[in-house]
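As written in TrEMBL, here are the features:
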DOMAIN    128-190  domain 'PID'
REGION    196-224  region 'Disordered'
COMPBIAS  208-224  compositional bias 'Acidic residues'
C-alpha cells in the first residue's frame, strides 16, 4: 500500500523509537560514578601499591658460622662453636646487639631474612634445607638465648663441610621454641622423604638430632 512520505517517515520513527526502547531495557545498569573530577585524577598515584611482606618467625641476631669436623653429633657438640661465636660478639663491646634477621623455620626449609636499616625484612635471604641440617640445640652455656644448628654445606666441587650457625634470640624461651620448631620440621621432612622413596623404611629419625635440654614430649615453659 502506498503511503505519503510524511506517514512513512512517522512510521519509521515509531519503529526506531520502539527498538531503541528495547535496547535501552536490555542494557546493563550504568555505574554510579562515570566521570572523575580533574583534581581527583591529578591526585591519584600512578605508583602501584606494594604489599608489605610478612614472615612468621623470630627476630634474632645472626652471630655467624664456624666450620666444625665430624659427621656424628651428640649432645653438647655445638658448645665450643657457640663459645667462639659468642666471644666474637663480645669484641663488639656492646651488651646487646640489635636484631638483624628474622629466622623462619618451615617444614622443608629454614629461611634467614636479613633486616634493612629500618628493621624490616629485605630481599636478602639465606636458605637452609632441613634435610641437610644434622643437629640443632638451644640453652647453651655461653648464653641460654642462643640457638644453633649444624648444616652440611655442599661446595662447588661437590665436596661438603659442616658449619655451625648460631643466632641470639630475644629470650631463652624463644630459643627453645626454635628448637622445637626445628624438631617438628625434621619430622615432616623425614616422613615426606620416606613417602617419596628417598629414604628407605629402615631409616630412622636418628639422622636428625635436636638438643634443647628438655624431653621430646615436653613443651617450652615460660621463664620465671
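Cβ coordinates are placed from backbone N, Cα and C, and glycine is handled just like the others.
Please treat TrEMBL annotations as automatic predictions, because they have not gone through curation.
Per-residue pLDDT, averaged over the domain 'PID' (128-190), rounds to 93. When DSSP labels each residue, the domain 'PID' (128-190) comes out as 22 helix, 26 strand, 15 coil, counted as helix, strand and coil in that order.
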